[in-house]
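All remarks here apply to the structure that follows.
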């Protein structure tokens, strides 16, 4: 009987963490249209993670690279030489990191 009482808090903890987790798109590489052509999956966030996507463009707006993931995320835009790297974050709804281009 004592074992069952100990398992109850563990089970409730696992249930709560799965309810609080957010599902996001995960893609190693997508093209300029948002089509994932390498590593298309769904990920589930861990504590402190949200949905994220990164887009790399040239200064004149030409698409170079993009990916999607579950990650600890800070929205930033950084210029690196002739490239602009934009990191985007969201947590409002599941799969909020869908890319529309």
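The backbone N, Cα and C atoms fix where each Cβ goes, glycine too.
Database features (Swiss-Prot):
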SIGNAL    1-21  signal peptide
DOMAIN    22-99  domain 'UPAR/Ly6'
DISULFID  24-51  disulfide bond
DISULFID  27-36  disulfide bond
DISULFID  43-70  disulfide bond
DISULFID  73-89  disulfide bond
DISULFID  90-96  disulfide bond
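When the disulfide-bonded residues 36, 43, 73, 96 are screened for a Cα within 10 A of the Cα of residue 24 (disulfide bond), the ones that qualify are 43, 96. For residue 89 (disulfide bond), the nearest neighbour among the disulfide-bonded residues 36, 51, 70, 96, judged by Cα separation, is 51. Listed in sequence order, the disulfide-bonded residues from 36, 51, 96 having a Cα within 10 Å of the Cα of residue 70 (disulfide bond) are 51. Residues in the domain 'UPAR/Ly6' (22-99) partition by DSSP class (helix H, G, I; strand E, B; coil) as 0 helix, 46 strand, 32 coil. The Cα atom of residue 43 (disulfide bond) lies nearest to that of 27, taking the disulfide-bonded residues 27, 36, 73, 96 as the candidates. Distance noted between the C-alpha atoms of residue 73 (disulfide bond) and residue 36 (disulfide bond) is 21 Å. Listed in sequence order, the residues of the same chain lying 6 or more apart from residue 51 (disulfide bond) and placing their CB within less than 8 Å of its CB are 22, 24, 25, 45, 68, 69, 70, 73, 89, 90, 91, 95, 96, 97. In the predicted model, the domain 'UPAR/Ly6' (22-99) shows an average pLDDT of 97.
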